[in-house]
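Let me begin by presenting the structure, written as structure tokens, before commenting on it.
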Amino acid sequence: MKRISILGVTGSIGTQTLDVLRFHKEDFELVGITANRNIELTMDIIKEFSPKYVAINHEESYKKLVDLVKSEGLKCEVIYGMEGLVKVATLDEIDIVVTSVVGMIGLKPTVEAIRKGKNIALANKETLVVAGELVMREAKENGVKILAVDSEHSAIFQSLQGNAHNKIDKILLTASGGPFRGFTIKDLKSVTPERALKHPKWNMGQKISIDSSTLMNKGLEVIEAHWLFDCPYKDIEVVVHPQSIIHSMVQYTDGAVIAQLGVPDMKLPIQYALNYPNREGNISEKLDLFKIRELTFEKPDLDTFKCLKLAYEAGEKGKLMPTILNGANEVCVELFLNKKITYLQIPEIIEECMNTFDYNKEVTLDNVINLDKEVRQYIYEKYN
């Protein structure tokens, strides 16, 4: 039996991970969880799975949960803040950590978990975006496996199995194109948060839904793929595939292209990461090839969806430039959702930050965290 912690248990990936655990009750024990504000769902999870440790990152919610746990006589330790997240990620008794928190907050607990020798099922792509060099070095030094939970990176990983890594010609990273595929810049001027949150294929949280609409999500995945698979940026090609059936592909030097196909359901890559290297039965719908009428592919429009272009530029420049890109994007998404900035201002402000801040510093935990704070403060003061 594998013992696991889930960081971000009440979010989209967290709750789908719980679905996998319910289906494989004999295979996993949930030891630790973290959440932010959703105390009602957290209480339901505590009652169902009986985790020993619960970390809450929101102060009022933490106090409320402490009282609820005590009043109902539940046996779990409730911990507050970043200290709590790190504790849940580094528990001696766990084997694997599912990092499904959104944003920079996942960096420190993930790095500390790696230093403790815990395998990582990584759904928090920002960790590799802002500190890929540091994270992959730590993983190698500590003998830790980093198993991608993103459907695209899971597909690439599966397509690499049994093949020589040095025979890769290119990675073909698929993208649905988001809800605004085919739009012009003029069309995007009137985009509202409500429209941007409606993704055509995937059910996701707010932040990743906006990122998917701007193609920043794909840009972050390009940087993530660079670090996970040690692949130059010039050999990572984004392919728009609206049906979201092919989750990504690897083209080899002999011309062969190996792909992983499946229904668009995050429980598939979650389960693959948790069970690796084994394959087990799944609660998800199986792919019916006879129901697929067509598989189409097109190039992304980098002039209209500038965030993807900016992500490639940040990745190529390296050092702390991806930290600037990520921090600026997180704040811009928040401001857009709160209707403080327009949709088209998102790439404009990100580019402004990339041209404003010094990125040419060593990638350390402190440097990443400090620069991230500077970028966020700059945007809040100017645009909030």
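Backbone N, Cα and C define each Cβ position, glycine as well.
With LYS125, SER151, GLU152, SER176, SER212, ASN217, LYS218, GLU221 listed by Swiss-Prot as binding 1-deoxy-D-xylulose 5-phosphate, the candidate from HIS58, HIS199 annotated for that site turns out to be HIS199. Summary of the site annotation: Swiss-Prot records NADPH binding at THR10, GLY11, SER12, ILE13, ARG37, ASN38, ASN124, GLU126. Screening the candidates GLY205, GLY219, GLY255, GLY262 against this entry identifies GLY205 as the one listed for that site. Counting only the Cα atoms, the space from GLU152 (1-deoxy-D-xylulose 5-phosphate binding site) to ASN124 (NADPH binding site) is about 13 angstrom.
Ranking the binding-site residues ARG37, LYS125, HIS199 by C-beta neighbours within 10 Å puts LYS125 at the top.
Whole-number maximum of the Cα to Cα distances across the NADPH-binding residues THR10, GLY11, SER12, ILE13, ARG37, ASN38, ASN124, GLU126, GLY205: 22 angstrom.
Recorded residues ARG37 (NADPH binding site) and ASP150 (Mn(2+) binding site) have their alpha carbons 24 Å apart, per Cα-Cα distance. Neighbour count (other Cβ atoms within 10 Å of the Cβ, all protein chains): 26 for ASP150 (Mn(2+) binding site). Apart from ASP150, GLU152, GLU221, the residues listed for Mn(2+), the same chain places the Cβ atoms of LYS125, ALA148, SER151, HIS153, SER154, LEU173, ASN217, LYS218, GLU224, ALA225, SER248 within 8 Å of the centroid of those Cβ atoms.
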